[in-house]
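Student: Sharing a structure, written as structure tokens. Questions coming.
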Amino acid sequence: MRSTNGLVLAAALSLALTGCGGGTDAGGGGAAPLTLPGVDEYLNAPCPEVGTKPATDKEFTYWSMWTADEPQGKVLGKAIKCFTEKTGVKVNVQWLGRKLLTQNVAPALNTDTVPDLFDQDISQVKAAIVAPGGTQPVDDVLDYKIGEGDKTVRDVLPKSSYDIPQNKDANGKIFEIPYELLGNAWWYDKAKIKDFKAPATMADLFALFDKAKSDGMAAVSQDGDINFYNAYFFTQIAVRYLGAGGLEKAALDKSGAAWTSDPGLLKSAELVEKLAKGGYFIDGWDAAKFPQIQQRWADGDAAYLFVGSWGPSETREYLSKQGGDKGIEYASFQFPQPEGATHKVVEQLPIGFAVTAKAKHPEAAKAFIAYMLNKDILSGIPAVADNLTPRADLPVPDSLKDVKAALEAPGVEHAIFMDALDGLAAGKWVDNVFYPLNNDLLKGKITAKQFIDGLAAKQAEFWKSTNS
Amino acid sequence: MTVTAPRVPKPTVPPRVAPRRPRPAPGSRGLSPLRLLGMAFVWLFTAFNILVLYWLLTATFKTPIEIFTKPFALPYQWFERGDPFRNIIYAWSNAGFGRAFLVTVVLVAVSSVAIVLVSAPAAYALTRLGVRGSNGLTNFIAIGMGIPFQTVVIPLFIGMAKLNLTNSLFGMFLVYVALSIPFTVFLLTGFFRSLPDELEEAASIDGASPLRTFFSIMLPLARGGLITALILNAIGLWNETLLALVFLNENANFTLARALFSFYGAASYQSEYGGLIAGVAIVVLPMLVLYVLLARRIITGLTLGAGK
Amino acid sequence: MTAALGAHKAGRRRLFLPFFLPAVSLYVLFLLVPTVATVVLGFTSWAGAGDTPRFTGLANFGELLASDSFRFSFLNTLLYIVVGGVGTFLLAFLFTMVLRDMRGGKTVRAILFFPNIVAPVALGMFFGIVLIFRPNRQGLVNFVLESFGIDAVKFLAPENVTWVVTGCLIWASAGFYITILMAAVDRIPPYLYEDADIAGASPWQKFRNITLPLTWDVIGVAGVLWTIGAIKIFELVFVLAGPGTYSPPIQSWTLGVYVFDRSFGTAGSPEYGMACAAAVVMIALVSVLVVMLRRMMRRDSVQF
Amino acid sequence: MATVTYDSTTRYYAGNPQPAVDNLDLEVADGEFLVLVGPSGCGKSTTLRMLAGLEGVDGGAIRIGSRDVTNLPPKDRDIAMVFQNYALYPHMTVAENIGFHLKISKMAKSEREERIKEAAELLDLTPYLDRKPAKLSGGQRQRVAMGRAIVRRPQVFCMDEPLSNLDAKLRVQTRTQIASLQRRLGVTTIYVTHDQVEAMTMGDRVAVLKDGVLQQCDTPVGLFGRPANLFVAGFIGSPAMNLIPSTVIGESATVGGRPIPLTRAQRAELTSDKVVVGVRPEGWTIVAEGIDATVDVVEELGSDQYLYCSATTPQIDPTDSPDAPHAITVRTPGMSPWRPGEKLALAPHPGAVHLFDAVTGERLPD
């Protein structure tokens, strides 16, 4: 579960710089701009109409995962201002930051002072709040109007962003309506990698890496101190063999036998082993202190970097703080389809609003959710916060175009980051079973076979002793 | 037996100058290998500490590149750009350390004073009122020192939340005061125990009421101990992170240590090493100044408490 | 006269409750009652997010025992207490041997004490930056190593980080214990050392025959202080062994990290019941260690 | 055994331009018991500690026998020291304390035990060998400290006020014990004390120090009978010598109207016409006409009686302020019928006059 938190935090914080007017020394005039145009334009634009207005509620409380002066905070601030202006409903907002679920919302659920509305990525909300029964369904919001004529929420959101198992509570009801979407990808600098051709097979991918090595660069930068960054390689490949939700199912197998029964898992592990033992990772990645290693990618020490859609803004900010004059022409590609894998999968992570079960003003809160999806409000997410939204009809920042394209490619299966493994058993499954073995695999300390056998054995042991 | 002539005429010698440094005793001059090794180690260790301090101070004024490529050089890039305090300003305003600083100063000052105000009478009562079972009660309170905060934080949080005292500086204040009591009472019982009986007896013969004796005689006598307790608690609370992390959720209420903890994440995503180190410096330096001014008292106070 | 004094005594006794009650009630209310509550909650399954604690007997403890993360937490905590303690005290002893009659000893002591006034969070961050391994742009320590022609070390690699934390812990704590022990050493009459000088005792013999036996009581107290301090280790590990924002790999966890992770620090579901169970283990561990230490250190008191 | 020689030995302390011990020349014969005495801060302890090797020597040298020990560490000097506070190790038993030095010098256990036994018998400590110092009386502790010195069989004993922590009665007792023990063992001993009675009763010779300068070193009789200067005159003897300033007119000085003649040699030594006439309390005779005095206090000791009188004649006190109250001390036989308020006239006994140069303070030749 840790992972998603980090992703969101990463994305948001990294963007803070661009939103807040960039680095103090905006000398970094590279290929990519260091500040986003259109921030002021967005913030000063007139408020759109509210589609579905609350009938009775005159106020509601919103606890936010953002802080007031980061870009997303500014976008939400504008939404709140406009909502109050158009409906007269007062919004009591608390800007609490990313850890709000376990540090604020969950504890508050023990009392009667609860927020009506809060936000976070679906994995975390599900683990921390939905599991103990803290939310109410928001299916009805799908039919709320968003203030663009008769358009409803259902009309503008792709099903893949909300109608997924990971966004359902115990009764199969949806608990969250997304307004931001994270993706992940292999990043590279177009200016540095000449004659780049997107890899179609895993062999192509390794060829790219080998070429980088022969060019005198390290192939892959990887901040090895972050467990879930290390997990991406295996989960990305494996999920293409098993399909979305396949890994989660394997992990839930009490006997652990699921790991050995599907040959795709071993094949995935073998590919990771090849990556690990091929000497592709940059020296020192296994003694990393985030974000040192991704900075080395930005510095050009390595050719490729696999992280989420926050990668460009974080590294852009780093470069601007270094006072350098060379920016990066961001481009990205997805993992190629491994041999024999049948599922074309792309990973995503929706961030959205949820309503508490004990909410006193759910009606107003739900009206606000729908209003947030209004084009003129939601466009702040790409324009101000340099991030993706689930809506397909909004402009996309240049650096994220490849990711957006991958997410919306026809016929793809959408999986949650890490196939939501990080939320299993309150987060204990990854900590105790997966991360230790996966780290060893990635460091080349164990073979693919040992990894799979280890998972099977450890998992059996784990489920035997775990109560929840 | 001869008599030494007391008046041997001494040759006139130019006025002798006392040596700047008298010779050490011959035994101590023998440098055994162990001693030599020990000395070298002590100086190395000390030098390392000084280096660390130097690094922290200079890095506060450096750009990230300088921090990593020229760790020993004096800062110059920000100075060249005419913005020498850039890191501190960043931490102070952008990362909210300014507000946190104020909050921390007030919270720590008020809490430390309150801790001493509550603990001093208790320590006095336990040591000097001659009530039976005092020793047992002192131990009963001292045991509290052994309870790690982590173990009480959950019920405490739930309880405080029910009273609407979470995410409130007043609630934080209550928690700080209460959880510091065992150590402070333990420390102060040591001080009160070491005071002479005579003054109190004299005061009672003079007809001073017990309450008056406490306020006008015992408290002033124990002033050294009270100040030590004040300072030690101030340092402890200034640096306290875990409770602040759990009890304070609103930026406006953040203490410095709490703000630093949060800022750490943000700073790493934003590659804000300069601001981060400035933040560390903002947390460390006030205590360093306090320490330099009061080192002696802190150290004597500690030893008095520990010696008992 | 005696009557007056007697009345006075009674008057003083009346002072006891008003003086003692405020402190003790805060203490009981905020520390003892929550401790008892923690013990009770340790036997329940409770997420702590609006659900109700459910009594599950020893189930939590069974899970703790079987869980790798808890095993690492427990062993690491023990390691920090024992190895860190031994290291800190050995260092402190070495320093007392040397510092006792060293010129500038007071200044050195003040400098050595300095890390103790630094917030552990700040220490962790500081070491995180100082220990960075990055060819061509090393952290301070590797920079120094390389300038002496020594290969840079991957300090922050998971297999090293526990030892790095131990080292940092010793570095940061030594000053405190040196201060306490030196104060005890300063109370030893100097003529005992002079007599040993005449006997021709080496520094080690002086330490063994004078310093150690005559500071034994203080060492005992310091040992207890160390134990109750080291059992809480949390911030330093959390910040130094991991990225600082999420929990570090379980190999480096301590009981303090475990409790935090299971309650307020997790990005998954909170499990207050498990956290409380781990907290109960912490209390048990500290009690056992302190009792053991006291028994080990027991000896006739020495007056001089 | 060995002699001890101080050869122009000088010692400074940091931050003080005045030497603590100034150019000390002193020779102690083999087997001699030499007492260093003087007011506190006079440098007597420093002198002793330099010999023990606990203090550095900033000038000159110290020799034991023919060995120059100036730069030797204490353990190589073959000395033993008895400290004022005994320096007993509180955690060791009496036997361990006595044997500590032997253990450090790696002496075989059997021999060590033999020596401990021997010393304990000598000092009547055998029943206490297993006790810790805290369970011993002051006198016993003192003897343990002695025992620890004895077992080393050193060439020199250094004793730093070893009796000052004992009560008066025990001190008298132990004083003689130490003196006789020293004679029996024949070990050269340097003994520091501030108590002149100890000095006079124990020492073969006594060295008087003041401000780091040796004033006089002589036998007790010599010190008492021919004090070399005003300081020694006032310091040795209790109650102190009466020191009366006077002016030489012609061939004599005058005290209370009575002429005190000076010899030619004495006059030759004078640096001015001012002299100080010293008369010990027992040196007065009560006469019909002399210094008129009024008895203020009568101190009855039984065997003797001291009269503290006020007189018009000024007195000086060399150990203290130059012009002490005009009091004259007179010894009379015990149980004499003097009462406070009575008047009397005093004259010095002819053979009991000590003459000093008032300017230099030095004794005038006899």
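One-based numbering along the chain as shown.
Glycine too: its Cβ is placed from the backbone N, Cα and C atoms.
Caution: TrEMBL annotation is automatic and unverified by curators.
As annotated by TrEMBL, domain 'ABC transmembrane type-1' applies to C:74-293. Among the features that TrEMBL reports, transmembrane segment is placed at C:15-43, C:78-99, C:111-133, C:163-185, C:214-241, C:272-293.
I would like each feature placed in context: is it buried or exposed, what are its neighbours, and how far apart are things?
Tutor: Only residues 6 or more beyond the boundaries of the transmembrane segment (C:15-43), in the same chain, are considered here, and those with a CB under 8 A from a CB of the stretch are 53, 55-58, 60-61, 272-273, 276-277, 279-280, 283.
Using a Cβ-Cβ cut-off under 8 Å and counting only residues 6 or more beyond its ends in the same chain, the transmembrane segment (C:78-99) has close neighbours at 105, 108-109, 112, 162, 165-166, 169-170, 173-174, 177-178, 181-182, 185, 203-204, 206-207, 211-212, 215, 219, 222-223, 226-227, 230-231, 233, 254, 285, 289.
Here the transmembrane segment (C:111-133) has long-range neighbours at 95, 139-142, 152-157, 164, 168, 171-176, 178-179, 234-240, 244, meaning same-chain residues at least 6 beyond its ends whose C-beta is under 8 angstroms from one of its own.
Using a Cβ-Cβ cut-off under 8 Å and counting only residues 6 or more beyond its ends in the same chain, the transmembrane segment (C:163-185) has close neighbours at 79-80, 83-84, 87-89, 91-93, 95-96, 99-100, 105, 109, 111-116, 118, 120, 123-124, 127, 131, 155-156, 211, 214-215, 217-219, 221-222, 225-226, 229-230, 233, 236-237, 240-241, 252.
Using a Cβ-Cβ cut-off under 8 Å and counting only residues 6 or more beyond its ends in the same chain, the transmembrane segment (C:214-241) has close neighbours at 76-77, 80-81, 84-85, 88-89, 96, 119-121, 123-125, 127-128, 156, 158, 161-162, 164-165, 168-169, 172-173, 177, 180-181, 183-185, 188, 192, 247-249, 252-257, 260, 265, 282, 285-286, 289-290, 293-294, 297, 299, 301-302, 304.
Residues of the same chain lying 6 or more positions beyond the ends of the transmembrane segment (C:272-293) and with a Cβ under 8 Å from any Cβ of it are 35, 38-39, 41-48, 53, 56, 60-61, 63-64, 70, 73-74, 77-78, 81, 220, 223-224, 227-228, 231, 255-256, 258-260, 262-263.
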